[in-house]
Amino acid sequence: MEGNLFTAVLFATVVAGTPLILTALGLLVNERAGVLNLGAEGMMAVGAVAAFATAHHSGSPWLGVLAGLVAGAAMALVFGFLAITLQANQVASGLALAICGVGLAAFVGKPYESLALPAVPPIRLPFIADIPLLGEALYNQQALVYASWALFWAVLYFLYRSRAGLVLRAVGESPAAAHAIGHPVVLIRYLAVAFGGAMAGVGGAFLSVFYTPMWVEGMVAGRGWIALALVVFATWRPLRVMLGAYLFGGVMVSQLFVQGAGLQIDFPSQFLSSLPYLATIVVLVAISRNPATIRLNSPLSLGKPYRPDA
Amino acid sequence: MTTSSLPPTARLALHGIRKVYPGVVANDGIDLAVAPGEIHAVLGENGAGKSTLMKIIYGVTRPSAGEIRWEGQAVTVRDPAHARELGIGMVFQHFSLFETLTVAENVALALPGRPELRELSRRIEEVSARYGLPVDPRRTVHALSVGERQRVEIVRCLLQQPRLLIMDEPTSVLTPQAVEKLFETLRRLAAEGCSILYISHKLDEIRALCHSATVLRGGRVSGHCRPAEETPASMARMMIGKDLPHCEHGPAQGGGEIRLRLAGLSHASDDPYGVDLRDLHLEVRAGEIVGIAGVSGNGQQELLRAISGEERLAEKHPVQICGAEAGRLSAGARRRLGLCFVPEERLGRGAVPALPLVDNGLLTAARGQGLVRAGFLARGKARAFAERCIATFDVRGGGADAAAQSLSGGNLQKFIMGREILQAPKLLVAAQPTWGVDVGAAAFIRQAIIDLRNRGCAVLVISEELDELFEICDRIAVIAQGRLSPPRDIGEASMEEIGLWMSGLWPGAGTSAPNTAGEAAHA
């Protein structure tokens, strides 16, 4: 019985963490190029509704994910045009994108309100899914969960092992210097922003097609903001983003189990609901407080517009 | 053109280059030609158009009119990547390195293709050994000294096997010995056929190194010459259009009261890459100028902060200003004791970039000049003070309402120096008082410092420019690895000796020097 509970909590934790990982890793790449896009919440919402509508009409959840990806990237490119080409203030443009995206998703999603999709069966990995306790939780999951792990390794490899990642980090540190040695700063920033938007769109698609296969207005429920905060508190490092996302998911799920168990504890439920936020921030701040490592990992020109003079 | 007709095979030839920015003509009808293997100086004051011209050659910006010929072919340099493809390399004055990356990664970023880092590290070591530019490819750039960073920039350029190397004020951060070493490298490169464009305002260096020179003034070519056949005075005349002002430097009065005393100043730096100050002793008296020489990054910043009050000390007595123990006082309290202070960074420390000069004047002069009445700003007086700084120190660009960041570096420096000097301080501490300022203005600032001394002020100047220190100081000391040498009367000191001391090797310097004397070992 205890083993089942453990497996159930772990399973739910991984599921709850996945949309955060997808979105936050995209934002991490985005921000490592020096562009701060606060519109994650809006991009997730638009991704979610686009994915739901496509999956609903086509019957294919995978076309839905693709639609979410494209919709998120399209939203991000609108932001990119404002923030990179027109050099508008990134904070203001990002906030506008967040608000606009949430509203747009609600508007487009009206006809789909309270419709549901057939649940997508999980993919059970052979052999390792039979590992006691862990197997059922980790290796009998949705395909996008496995995709989020692959994304983690891909981002890690890209940032620290590939030349393109090196160029991206250089652009985020000093766009002027990167331009001076001949790298296309504007193009790289556009690509990074589009990638961030695409991943946020996939994060949204995971919510509306796999996690709870239905469309409800406001179903993103602040996850875009949490993903943004995760990236900062994880000091722009992929492993810490993963850790933070699962920590958040874990505490979220555990407190739901505790509340659901109806234990007679004299404890305000609001406090329990705020626990995931508190715990994530406290832990990430505690492990990321060495000023030297922060300096080495944070993109120095984050949020500063740059355009090479003609 | 004053030179004889150039060989048809000029590696780079510019004809009638013109660049117009809104409101300013930065370059106008510039002709320039560099032959293979030639070291060609581009000489000019701040704002003469040197940097704009180099940006045009390196493709950072496009000319409004004119023609660039590369190896005889007319080209349009689209961007820096294209310039490098052509074989043009540039070492920037403000380095274009990425602090959070390693040396090898920095180099890899500038090379075409996808160099493998291990193989690249080997090539870096090879080139650095060949040209006497020691760098460790595995180190992260932010931990390197300024001199080491410059070597990284040069090595990075050399790995691209350039046929034209542009050097923008390369010696401002080097010891005299390191400068000599750099010149050897450049001469060897030139002998191998590489052309070099050498931008500088240091006339002695140009005479020692360059084969020919193009002089710019006000965006136009004001002359060509062969530096070896000229005197510094004749080149300066071409550069500023009149004779170089000469500093009047009377003998020190001496015997004045002690205005600044460092009594065993030790301070551990907060910055993991900073320098710890170790047991500094120094006295500066009224009516004398004491200079502190040294290669940047040897504790100058930490010393300045400890004196100015930006960094408070644990104890009171190590810093004494005008007789008061000031170690625990704030910067404002120290200014009330009669200290005026010119920091090294003009924007951010010396001035608030976005504020107009009037407000920047208020920031340090409010109290002493009575620009504040009962907590309210006396706008009229503040404006009059700012205008007095502008008029006295010939600050050009926009007047009192111009934002500090809109001024060129040299003009802002003149304003900041003016702001502090016009407050008639008892003690003036100035870091790099003429950094990036052209010869004419630099001579003016130096004269103003000397005049201030003659009026009985005590002056401490921290500078990397030995020429400058030898010109204005009465006594000179050297800072190296956070230690301070004993001061020497300027009459008894020689450039060579002080240069050697800058490596930490003064008599009785102790035995700790070798491990940290990076510049010394390399120089």
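These residue numbers are counts, starting from 1, taken along the chain as shown.
Just so it is clear, glycine is given a Cβ too, placed from its N, Cα and C backbone atoms.
Taken from TrEMBL as is:
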TRANSMEM  A:6-28  transmembrane segment
TRANSMEM  A:35-56  transmembrane segment
TRANSMEM  A:62-84  transmembrane segment
TRANSMEM  A:91-109  transmembrane segment
TRANSMEM  A:143-160  transmembrane segment
TRANSMEM  A:190-212  transmembrane segment
TRANSMEM  A:218-236  transmembrane segment
TRANSMEM  A:243-265  transmembrane segment
TRANSMEM  A:271-288  transmembrane segment
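Three or more CB pairs closer than 8 A are found between the transmembrane segment (A:218-236) and the transmembrane segment (A:271-288), so contact between the two stretches is assigned (pairs 6 or more residues apart). Scored on C-beta pairs under 8 angstroms, the neighbour of the transmembrane segment (A:62-84) with the top count among A:6-28, A:91-109, A:143-160, A:243-265 is A:91-109. When the stretches A:35-56, A:91-109, A:143-160, A:190-212, A:271-288 are ranked by Cβ pairs under 8 Å to the transmembrane segment (A:6-28), first place goes to A:190-212. By the count of Cβ pairs under 8 Å, the stretch nearest in packing to the transmembrane segment (A:143-160) among A:35-56, A:190-212, A:243-265 is A:190-212.
The stretch in A:35-56, A:190-212, A:243-265, A:271-288 that contributes the largest number of Cβ pairs under 8 Å to the transmembrane segment (A:91-109) is A:35-56.
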